[in-house]
Amino acid sequence: MALSRGPVLFFKLLACLLCLFDLSHGKKQFTLKNLPPLRKASSYPTGCPATYDYIVIGGGTAGCPLAATLSLKYKVLLLERGGSPYGNRNVSYMENFHIGLMNMAPDSPAQAFISTDGVINARARVLGGGTCINAGFYSRASSSFIQEVGWDEDLVNKSFPWVEEKIVQWPKIAPWQAALRDGLLQAGVAPFNGYTYDHVSGTKVGGTIFDETGYRHTAADLLAAGDPNNLRVLLHASVHRIVFDSRQGHLKPRAIGVQFTDENGRHHHAFLNNKKDSEIIVSAGAIGTPQLLLLSGIGPKNHLKSHNIPVVLHNKYVGKGMADNPMNSIFIPTRSPPRQSLIETVGITEEGVFIEASSGFGQSSESVHCHHGIMSAEIGQLSTIPPKQRTLEAAQKYAQNKLNLPKEVFHGGFILEKIDGPLSTGHLVLTDTDVRNNPAVTFNYFSHPQDLNRCVYGIKTIERILKTNRFSELSADGNGFSMERVLNMSVQANVNLIPKHTNDTESLEQFCKDTVITIWHYHGGCHVGKVVDQHYRVLGVSGLRVVDGSIFSRSPGTNPQATVMMMGRYMGVKILRERLGRAAGV
Ligand code: FAD
């Protein structure tokens, strides 16, 4: 039976409205219609009688899939210090990647920090965490990593696709990424493994969380897989302290609640219900989690005492074993400016060095003139340097360096190398007791000679790539690149606070040390066996777990986000199964 015009129009309108509400941009089965309301923390009622089965601290890469999964059976409160990623162009569009990282406002989704090594870095401050500010590349951990950490392979193999079906795509490979693919193969980083999420030696194209329009899907989208009736999400909720019940009679101090402030600075408390399995789960990231444990009284007692923090549990390992995979990059000026791309291709060498690339800087209309995108000097602009070091001399030197750069240095791309599993490690300590401020982090890049050897190997691999026909064709005269020239340009384009040396282009060791930057894969600080047990329960207390990159002693895969999101889902399912057995139904 044909419908009359009125109802047809009504249904068309309804369908349109539903389309508008569906932010999933191309993902067919999964939509965001089920997202729980994202409320500001100030909406939390004072004297709130509600209690929760789980309080998840940090709505990031691990925290979102974890909270969504737990909410399928239990009441969950998710507390995120940042705002919403939805409607923020710097988060949502790939072309604004570097603008987002440059935003130094107090509510910016990216909070800059400088390690004591002098390397400028960033940590997420937004619902969705690192997936809202990262370069989007998606690649799973190796099977040997999964075995080493002792995960149940069957559940891992179900948890990866759970993420992938919702937010991961295959890239339409950009010309610069295709050039790297061919260059890697011609330079012997073989075989070509095609498009794959798997971690396999050779060259491959991985997944991405950007869709074909450059729109970013994030871990926040995964909240739509939860039960909105069980999941309360608060934004701008900065947790200052975990509250413990240390009364006598308890074998161990028990985490029972949290203290947080809202966007107006007002204090609130939230508590677990009194069921014995209820838990607080910290997913505040590799900087935020050790920081919060320290602020809550778990850590080396002398350090806690020096900040007048009452000691709940002495544990000398909190904040120890922090590591950041060093990244060094080579700038390659090209005849014509390549299209913008972040990371799509990777070369996985047997020596534990990964080769990736980025290209095309500042092509958005909102962009900064003369911008280096992923490796940008602006990302490390002077405003991020602590005021004491922001001397007139430093500012003048910076400006002069920039003026002296030939125009062509803004036409081109970077090939970068990352060292897997660095043996150089460091530590994190509090500088003060304000959770909004960065703790002091030291990574000790290249303090272990093996890391330096691998960096040199990586640069030599890039040199081989530059000598291939594929790359010679890209040079201004078609005759290829002089290594001395590209090293020299790379030193000039580099911004960290490490003094440069005159022999940077002669000694690759010196080049590595002087131009080291971050690929933002820092991890550690709450290692298994030292701070948490095999199930990520914090040792020496009850009712408290950690689920995020701080438990890793090595960053998974070529790039970690795939495995961190998977781990959020995996741990959610594990916890449900522990409590409910078969009745968990997941
Ligand atoms: P996060 O995702 O950072 O989550 C922590 C969350 O906790 C944040 O949302 C934070 O705001 C919140 N939080 C912290 N403290 C508190 C508190 N006290 N109270 C309440 N909330 C709190 N990986 C890839 O695989 N591919 C890439 O291309 C890639 N590129 C990157 C580029 C950049 C610029 C960055 C920064 C990272 C990149 N990474 C990439 C790394 C990857 O994104 C991170 O390793 C991963 O997101 C870390 O996840 P996490 O859950 O440990 O922490």
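Each residue, glycine too, has its Cβ placed from N, Cα and C.
Note: TrEMBL annotation is automatic and uncurated.
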Exercise for the section: According to TrEMBL, E80, R81, V126, W520, H521, G549, P560, Q561 bind FAD; so which of V205, V239, V429 is the extra one listed there? Expected result: V239
Completion exercise
Going by TrEMBL, the cysteine from C455, C526 that pairs with C512 in a disulfide is C455
Fill in the blank from the handout: V126 (FAD binding site) to C455 (disulfide bond), Cα to Cα, whole Å, comes out at 33
Exercise for the section: May I ask for the residues of the chain that lie six or more residues beyond the domain 'Glucose-methanol-choline oxidoreductase N-terminal' (124-147) and have a Cβ under 8 Å from a Cβ within it? Expected result: 38, 58-64, 80-85, 88, 91, 94, 97, 100-101, 107-111, 153, 156, 160, 164, 168, 197-199, 204, 206-210, 216, 218-221, 233, 235, 285, 342-344, 346, 356, 358, 374, 520, 554, 556-566
Problem - Cβ under 6 Å from ligand 1: qualifying recorded positions of C455, W520, G549, Q561 - result: W520, G549, Q561
Problem - In the chain carrying W520 (FAD binding site), residues 6 or more apart in sequence that have Cβ under 8 angstroms from it - result: N121, A122, G130, N134
Exercise for the section: Translate the DSSP assignment of Q561 (FAD binding site) into the three-state scheme. Expected result: helix
Completion exercise
Excluding its own, the Cβ atoms lying within 10 Å of the Cβ of C512 (disulfide bond) add up to 24
